[in-house]
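Lifted from Swiss-Prot, the feature list:
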- C60, C62, C75, C78: Zn(2+) 1 binding site (BINDING)
- D449, D451, D453: Mg(2+) binding site (BINDING)
- C818, C892, C899, C902: Zn(2+) 2 binding site (BINDING)
Amino acid sequence: MIDVNNFEYMKIGLASPDKIRSWSYGEVKKPETINYRTLKPEKDGLFCERIFGPQKDWECHCGKYKRVRYKGVVCDRCGVEVTRAKVRRERMGHIELAAPVSHIWYFKGIPSRMGLVLDMSPRALEEVIYFASYVVTESGDTPLDKKQLLSEKEYRAYRDRYGSTFQAAMGAEAIKKLLQDIDLDKEVDFLKEELKTAQGQRRTRAIKRLEVLEAFRNSGNEPSWMILDVLPVIPPELRPMVQLDGGRFATSDLNDLYRRVINRNNRLKRLLDLGAPSIIVQNEKRMLQEAVDALIDNGRRGRPVTGPGNRPLKSLSHMLKGKQGRFRQNLLGKRVDYSGRSVIVVGPNLKMYQCGLPKEMALELFKPFVMKELVEKGLAHNIKSAKRKIERVQPEVWDVLESVIKEHPVLLNRAPTLHRLGIQAFEPTLVEGRAIRLHPLVCTAYNADFDGDQMAVHVPLSSEAQAEARLLMLAAQNILNPKDGKPVVTPSQDMVLGNYYLTLEREGAIGEGMVFKDANEALLAYQNGYVHLHTRVAVAASAVNNATFTEEQKSMLLLTTVGKLIFNEILPESFPYINEPTNSNLEKETPAKYFVEKGANIKEIIASREEVAPFSKKILGNIIAEVFKRFKITETSRMLDRMKNLGFKYSTKAGITVGVSDILVLGEKDEILHEAQAKVDNVIKQFRRGLITEEERYDRVISIWSNAKDVIQGKLMKSLNKRNPIFMMSDSGARGNASNFTQLAGMRGLMANPSGRIIELPIKSSFREGLTVLEYFISTHGARKGLADTALKTADSGYLTRRLVDVAQDVIVREDDCGTDRGLLIGAIKEGNEVIESLYDRLVGRFARKTVKHPETGEVLVAENQLITEDIAHIVENSGVETVNIRSAFTCNTRHGVCKKCYGRNLATGTDVEVGEAVGIIAAQSIGEPGTQLTMRTFHTGGVAGDDITQGLPRIQEIFEARNPKGQAVISEIDGVIAAINDVKDRQEVVVQGEVETRTYAIPYGARLKVIPGQQISHGKELTEGSIDPKELLKVTDITAVQEYLLREVQKVYRMQGVEIGDKHVEVMVRQMLRKVRVSDAGETDVLPGTLLDIHQFTDANAKVLLQGKQPATARPVLLGITKASLETDSFLSAASFQETTRVLTDAAIKGKRDELLGLKENVIIGKLVPAGTGMNRYRKVDLVKTTQDDMNVENDEVYVEQ
């Protein structure tokens, strides 16, 4: 038996009239829907039961046959087959049209496919189809040309003159005749000949025509099928009619549109039977044509047909398009059963992998499992009584529920799901109340807080789904962020504050210099008030359980504080004892200066030493990363839970509060402001004398005030007491920063107006002093702009993510090694002298392409194809090596994806990437998710051209859409020397002298030069400040230069905003933008000049002709923006579900495209498992068996794969 869901590819094409009739179960002859008295469908109408099947299961129209035993019987009285009512979702009907009509997609699309096939203009076609002109279909022996248009008057004149020696007609019938007469092979040969000589517009037109004609020739579609003789009627359940409360009916718009077609069709039939005058018949045919147009795509031509209240009716095309269309609403996003949502509250007592599920919700979600268990335990006799027990909530139900949810993970999701950490799995524990409890450490990943956020719960049902949830999605498994490989579960707010307070040191605290034999004794002393948490004490090192101490150190005393003793208890034994927040202490061992000989004067030694800084949020993050690197995930998650508990406990003990008295106003503030004001007055004086321009005055005033603010900030931070609660909050990284503090206690400073230009009047007051009315008014400008920006940014960033996902969704790790011999030469990314991304960051987790040797000693640091770990990267960076050749996604040879070696390490797990990992989607999420943190601003620094470069989110969109950038730089097309810079008519010209030729570049007005005479310049380098247009760069240089430029630019934007993203994510996206080439000369291949081809398709076509010793084709690489690249993908399902649905489908149907179902979207649409992860063929054969608790040993969580 064939499996309906198991097919290799999906093909789309034009349907012939016979094909449409073969789909149909009967002809719809009447426009009636249902009888309003009996509420039964009318016979032969749009809801007819004889055509589409019965309305009720196993029951015919007249009621003669009822019950399932008559299955398959066709009633002799009403002709309805007795079957399930579900067939009304799949059975189609048809309408036999009295006159052929054209299909609006093929006639009206851009370019008009019908027009290209017939070589007629769309305007001429329109005149013929809508009965305004005649077209000559057979010229006979008259001087008329075939396809010539004739007006009514001309037609009459020629008829009188030549009689019936020629034929001309109107409407779709005429076009159909012309389409049937076309000899595709002859036309194609003729066009190929023409291409050899044609130039300009004629050449472009010929290429377009050739593409469409070749498509028809190769796909087996007949051009005449673009004209409809038969109209399919979609199943009635897809255009339902429902009764409302008041007895009125609500119906789908399609029924109205079908009704108009049937009415006009029947009237036309009657007129033809009566032999009505041709003018009336023509008018009726035109109306039929318009009715069919409205049904297929309402509003595409002329005014749309409207329903009640002047609302345009939704046609078949509208059912597919847009967010509410079939693709995005029903095929790509379905609502699921076994789900619930509720408000979240914090669950500080949960373990990392747990969540609290409200009892009533759990009972409803796990209902089938509970019912099964009730029957198995004999607590209920059958399923029905089990169901009744649950609905009445009888006490025994709760015990069963407890046992059912053990070992059964649930998925929690918070919208918006910006990256894969927006859905994670947890083990549920039952809680009272109606709120979901969430572990505080996973909030960062979800971006959740407890001010009323809601979350959704989903239950994985099959054992495979449960296994995947447990092994891959459990919150304790997702400790690292896929975008940069740094821990995402770092403590925040209270937890940070507690650990910060715990590790503080204070000079002269109670009991300073006491010596204890072990940690317990120190704790005892603390609990009895002899020492404080912050007291610096000594403990016998041998009693501190730590594997990194040497034998010598164990015989000494360790100087530390009571708080640090408590803090170090949470770390694994073999981890260094952390006494100071430095990397050397974290990675290697405790510094020797903290060990003293027994018998030394401890008090003196302690008194002579500085206080050691406490552990801030950043240090805690580093500790987590280090523990993760050395130990298993389980160990890390245990440590995180202990860190969380410590944090909450000691932030409670600390009792840190904020009061107005904690905000101390700086005494020297007035002095600083006076000085600044004097400088500003001086600048204004110079301006009035005409010594400086308006621009300069503005810039100087701005810089004076920002300097004043910086001075105040510096002095404030110095004058602050280290015990000040606000300082502790910002220093620990719990909340707030230095700038917030300056605004509270110093001055608010300069504000921007709504256009983003800085207002030169600063706000001199601080919040502690209070703002004047004018100052308050100025500050509202910036605040309002901030709120408006945030709202816009969220939508923009979401749309960016959607486009990124779409372009990269089929990039999957497909093989272990593609065997490429190319690599990418990388160094640190710099902007001026500032390093934006260091070489170390770019090397970690990549494979070396070529051996790296020490520049001085020549020893091999990294071998070819070796993974560069953190340690190796440090060694390479410190050796003074500037550039390293690595394997990169840019140079990967794998088709439809990348290989393991070129991708490198999976950032989310810190291990090698697995075959089947959907790295394209991960890349898209990693770039899109921080999008909301980028600013919307185009910074206006007083409008100096070249300075107004776009930054933030708009710049990222500019890069990925490959648009011409704002403030575009002029680039040199040749290597050479800057020979001269001349002034020509208030502009400048730069002359670049190369070895062979000299080029002169006109510099746009107001652009700032980047070069000086005599300077060496290479091709593709900027002559002026600004952003390079990557398309220009591609013309001048090669693909590699463009790839590196785009990568560098994206990293610049994100790093400037303090967001770190792994290079490999950007590489995957940029690679997708450069996948296509445009054929410039076809050689002796089958490809058409001017067409876009995938690089692999192009090389295949060339390989084929080269083997036969023929002339290969040539092509140029093309840079496509992500939207364009998504629409150019090979998969028509993916493209149609993205944007421009009708255009994509029209094109695909004519070409008879096959979708090979390689990407993820295509498979989601047709309901197959996605071909990534465990859905890949190589993993499909695995059988999962649910085991008991004893077998489930956490260490052995490998799943064995049988090939």
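Just so it is clear, glycine is given a Cβ too, placed from its N, Cα and C backbone atoms.
Cα distances from C899 (Zn(2+) 2 binding site) to the binding-site residues C60, C62, C78, D449 are smallest for D449. Other Cβ atoms within 10 Å of the Cβ of C899 (Zn(2+) 2 binding site), summed over all protein chains shown, number 21. Comparing local CB density within 10 A for the binding-site residues D449, D453, the maximum falls on D453.
C75 (Zn(2+) 1 binding site) and D453 (Mg(2+) binding site) have their C-alpha atoms 57 Å apart, to the nearest angstrom. When secondary structure is read from DSSP and collapsed to three states, D451 (Mg(2+) binding site) falls in the coil class. Taking C60, C818, C892 as the binding-site residues under consideration, the smallest Cα distance to D451 (Mg(2+) binding site) is found for C892. The DSSP secondary structure for C899 (Zn(2+) 2 binding site) is strand.
In the shown protein chains, 6 other C-beta atoms lie within 10 A of the C-beta of D451 (Mg(2+) binding site). Summary of the Zn(2+) 1 site environment: with the site residues C60, C62, C75, C78 set aside, the chain residues having Cβ atoms within 8 Å of the Cβ mean position are E49, H61, G63, K64, Y65, D76, R77, G79, V80.
The two recorded residues, C818 (Zn(2+) 2 binding site) and C78 (Zn(2+) 1 binding site), have Cα atoms 66 Å apart. Just so you know, the Cβ of C62 (Zn(2+) 1 binding site) picks up 14 other Cβ atoms within 10 Å once every protein chain is counted. By the criterion of other Cβ atoms within 10 Å of the residue's own Cβ, the least surrounded of the binding-site residues C60, C78, C892 is C78.
If you take the C-beta of C902 (Zn(2+) 2 binding site) and look for same-chain residues 6 or more apart in sequence within under 8 angstroms, you find C818, T820, F847, R887, S888, A889, T891, C892, T894. A separation of roughly 57 Å, to the nearest angstrom, links the Cα atoms of C78 (Zn(2+) 1 binding site) and D453 (Mg(2+) binding site). Cα to Cα, D449 (Mg(2+) binding site) and C60 (Zn(2+) 1 binding site) are separated by 57 Å. For C818 (Zn(2+) 2 binding site), other Cβ atoms within 10 Å of its Cβ number 18.
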